[in-house]
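The (6S)-5-formyl-5,6,7,8-tetrahydrofolate binding site annotation in Swiss-Prot covers 23, 80, 120, 454 and rests on sequence analysis. Here Swiss-Prot flags 226, 245, 247, 250 as K(+) binding site. Per Swiss-Prot, the feature GTP binding site maps to 226-231, 245-251, 270-273, 335-338, 358-360; the stated evidence is sequence analysis. Among the features that Swiss-Prot reports, Mg(2+) binding site is placed at 230, 251, with the record citing sequence analysis. Annotation comment: Swiss-Prot describes 216-377 as domain 'TrmE-type G'.
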């Protein structure tokens, strides 16, 4: 498919609605306007007109908006037709437009892709459009809007600019080795490099917060049957999401709930009680439980406080701990504090946290919520923050590693050429975030995840 084609797509969700919008972008957008409207509307003014088919019969009537390029979202000529939101009407109008030469249905995300290719927005801003649409909380929406408005891109561009100045200084020192002053050892380059590294660390911290807002944390509640796992799921969710009975093994399959803690998405997964099961259905549920455990960001190891005084997970259930991935963080949750009389609260026990609560009464559950938020390093103050994706975090991490390696070359050997190369690679990693340096394959993956009309 050619980027010189004119594209059309429905910009509103499929199905019935009060308003349905078709968006057209490309060189033939003016021809579409003349064919469907009989005229070219005044730029950036709403014009109430009939929408006609090939025979001149009115299909619908509504508002037409004309945005001549380059002053449009895509940078191309753009026509928007806002009619009634009936699927039949919109389909008839769409088919009418597709009868015109060099007009085709847009690929997913192609409008945003053209905006990126025409320098109307960078790659991080383009991704922010999809993130704003998908935002699951007010904080996530605000942060996505900040990214769309260029907050994240500005921070990245400032880092790239600082690296450019540093590279110029380093390469000047390489090109003029006979100068009386040894620029590589006078401390100025190292001081500038330390400043860039500190700024990069600050951006990485903000990006981590943005990633948590976008993707959240996957928490699996695991333990023996009747430990109170489903009761805890209900307490965290604030509703009766899971059936709770005194019968061991009530939960036989994975249950999922999505909640927010101060804006951070939390994906809570309740699992079947872990034990040796003879029942085939329960056995399958237990295997699924282990699959979820192995993919979790954190495991809440649920313990019935009436059955043991132990607080060390290895003492409570050594077989469970032996199978658990060694790098997986766990929090031991001693349940039924309302029965045992244990003091509610949180404590650190060797390498893990221990929380005493009552899932039935809800006492101590707020402490668990705060613990989950803090364990991911999430802060609820997102004023001026931005949303970030995993690829952004990876690019920032790679840039940081290149700067660390570059500093080692500078401090240990005053190796200017090697430092310059590490600075270049760090700059390249950062440029991948905004799309200044990005492969076509990556662009394809990013924009294919967008809505058709975006």
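One is the number of the first residue shown, and numbering goes on along the chain from there.
Note: Cβ is positioned from N, Cα and C throughout, glycine not excepted.
Classification of residue 80 ((6S)-5-formyl-5,6,7,8-tetrahydrofolate binding site) by DSSP places it within a strand. Listed binding-site residues near residue 272 (GTP binding site): 230 (candidates 23, 80, 120, 230; Cα-Cα distance within 10 Å). Mean per-residue pLDDT, taken over the domain 'TrmE-type G' (216-377), amounts to 84. Per Cα geometry, 229 is the residue among the binding-site residues 226, 229, 336 nearest to residue 23 ((6S)-5-formyl-5,6,7,8-tetrahydrofolate binding site). Here the C-alpha separation of residue 358 (GTP binding site) and residue 80 ((6S)-5-formyl-5,6,7,8-tetrahydrofolate binding site) works out to 56 Å.
DSSP assigns residue 230 (Mg(2+) binding site) to a helical segment in the three-state reduction. For the pair formed by residue 229 (GTP binding site) and residue 120 ((6S)-5-formyl-5,6,7,8-tetrahydrofolate binding site), distance between Cα atoms is given as 50 Å, rounded to the nearest Å. The Cα of residue 80 ((6S)-5-formyl-5,6,7,8-tetrahydrofolate binding site) lies closest to that of 230, out of the binding-site residues 226, 230, 336.
Just so you know, the Cβ of residue 226 (K(+) binding site) picks up 21 other Cβ atoms within 10 Å once every protein chain is counted. The sparsest Cβ neighbourhood within 10 Å, among the listed binding-site residues (23, 120), is found at 120.
In the structure as shown, the Cβ atom of residue 358 (GTP binding site) sits within 10 Å of 23 other Cβ atoms. Annotated pair residue 226 (K(+) binding site) and residue 120 ((6S)-5-formyl-5,6,7,8-tetrahydrofolate binding site), C-alpha to C-alpha distance, rounded: 57 Å. For the recorded site, residue 120 ((6S)-5-formyl-5,6,7,8-tetrahydrofolate binding site), the DSSP three-state label reads coil. Looking at residue 336 (GTP binding site) and residue 230 (Mg(2+) binding site), their Cα atoms lie 13 Å from each other. Of all the binding-site residues listed here (80, 229, 230, 272), it is 80 whose C-beta has the fewest other C-beta atoms within 10 angstroms. If you measure from the Cα atom of residue 230 (Mg(2+) binding site) to that of residue 120 ((6S)-5-formyl-5,6,7,8-tetrahydrofolate binding site), you get 49 Å.
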